[in-house]
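Student: I grabbed these lines from TrEMBL:
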BINDING   TYR16, ARG33, ARG49, TYR50, TYR129  Fe-coproporphyrin III binding site
BINDING   HIS185, GLU265  Fe(2+) binding site
Amino acid sequence: MSVSDQAPIGVLVMSYGTPESLEGVEAYYTHIRRGHPPTDEQLEDLTSRYRAIVGGVFPLRENTNRQVEALQRRLDELAGQGRYVCYQGLKHAAPFIEDGIEAMSRDGIERAVGIVLTPQYSSMSVGGYLKRAREAAERHNVAFAGVEKYHLHPVLIEALAERVTAGLDKAGVSADDGLVLFSAHSLPARILEMNDPYQDQLLETSKAVAEAAGISRWQFTWQSAGQTGQPWLGPDIVETLNGLAKENVKFVLVTPVGFVSDHLEVLYDIDIEAKRHASELGLALDRIQMLNDDPKYMQALADSVIGAAGRYDEKADAAGASGV
Ligand SMILES: CC1=C(CCC(=O)O)c2cc3nc(cc4[nH]c(cc5[nH]c(cc1n2)c(C)c5CCC(=O)O)c(CCC(=O)O)c4C)C(CCC(=O)O)=C3C
Ligand SMILES: [Fe+2]
């Protein structure tokens, strides 16, 4: 093995990003809206949702920091200290995806792997992250290998199944009495015409978790759809809960499978909004604990990163074999 094969590989850990303070919500929202500032009403609406979950202090960033530190430790354990070096790259906040690649380049990193903190691929989610990362990497002459998905990684499925079982146990409900409601962030319905794998992968994750946890009663629903005037994928969780109440379901365990962390779409959209709606319907609603820095989740991420980095070794082997 040549010296360069031992050189550290940069790991760009990407996520949606969250503001650093309530004052930072406007700049964050403007970035999400591709540079168009929100109206006062839109800004107040989003700020009040953050106020409701974090009460003015911002724990959300620290949560991501902890995940990246835990992934770094796991990679060190699996591959040896110094083999992988993690950097953050956020979609809508600093350090942006491009900042992460730039930092790698400054540190002399020549090869990078990118992974997103969401398990399923959509051209509108993971595809967008990887495109930005790849373009930045090209500008900086850093080789880049992206992880597109890990939605059926056996250790991820195990981690989610454990949390489903724990959620049902906590409620004192057997696997057959409660209904497990898998959920994920909706996207504009036009992704269906684009043959996007998002919906299929979400259903594959849900089915695998249900099987691993021995659950027979489960459904999948969308949540957190945007208001863009165009149709988004449905049914939304509110409609789904209405239907379940009519079927006399008494307990629902919401299991977000497209999210891995405690953030706004979970702490507000499920814990406050969906819960309030469920209670109006006389339906008990609880949610699984999010994975955050769960050791099994870290294992699934580390394994996916090492798998993607393996593509560099294959290339090196092929080059060696052909004498290039
Ligand atoms: C697929 C998907 C994921 C899951 C995959 C992934 O993780 O990437 C995700 C995650 C997240 N979305 C988040 C926050 C927001 N998303 C918004 C708006 C939008 N999301 C979209 C899609 C997704 N979003 C889309 C198509 C829009 C419309 C505008 C656009 O085309 O981009 C808005 C604007 C206002 C609103 O509509 O509420 C906010 C505040 C936070 C962080 C919250 C925190 O701070 O904890 C997280 C993890
Ligand atoms: Fe979002």
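In case you wondered, yes, glycine gets a Cβ from its N, Cα and C as well.
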Student: If you count Cβ atoms within 10 Å of the Cβ of ARG49 (Fe-coproporphyrin III binding site), leaving out that atom itself, what do you get?
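Tutor: The Cβ of ARG49 (Fe-coproporphyrin III binding site) has 18 Cβ neighbours within 10 Å.
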Student: Highest CB neighbour count within 10 A among the binding-site residues ARG33, HIS185?
Tutor: HIS185
Student: Spatially, which candidate from the binding-site residues ARG33, ARG49, TYR129 is nearest to GLU265 (Fe(2+) binding site), comparing Cα atoms?
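Tutor: Result for GLU265 (Fe(2+) binding site): the nearest of the binding-site residues is ARG49.
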Student: Taking the Cβ of TYR16 (Fe-coproporphyrin III binding site) as the centre, how many other Cβ atoms fall within a 10 Å radius?
Tutor: 21
Student: Rounded to an integer, what is the Cα-Cα distance in Å between HIS185 (Fe(2+) binding site) and TYR16 (Fe-coproporphyrin III binding site)?
Tutor: 12
Student: Please check the binding-site residues TYR16, ARG49, TYR50, HIS185 against ligand 1 and give me the ones with CB under 6 A, sequence order.
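Tutor: Near the molecule: TYR16, HIS185.
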Student: Among TYR16, ARG33, ARG49, TYR50, TYR129, the annotated Fe-coproporphyrin III contacts, find the widest CA pair distance and round it to a whole Å.
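Tutor: 25 Å is the greatest Cα spacing among the residues binding Fe-coproporphyrin III.
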Student: Reduced to three states, what secondary structure does DSSP give ARG49 (Fe-coproporphyrin III binding site)?
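Tutor: ARG49 (Fe-coproporphyrin III binding site) sits in a helix per DSSP.
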Student: Tell me whether GLU265 (Fe(2+) binding site) sits in a helix, a strand or coil according to DSSP.
Tutor: helix
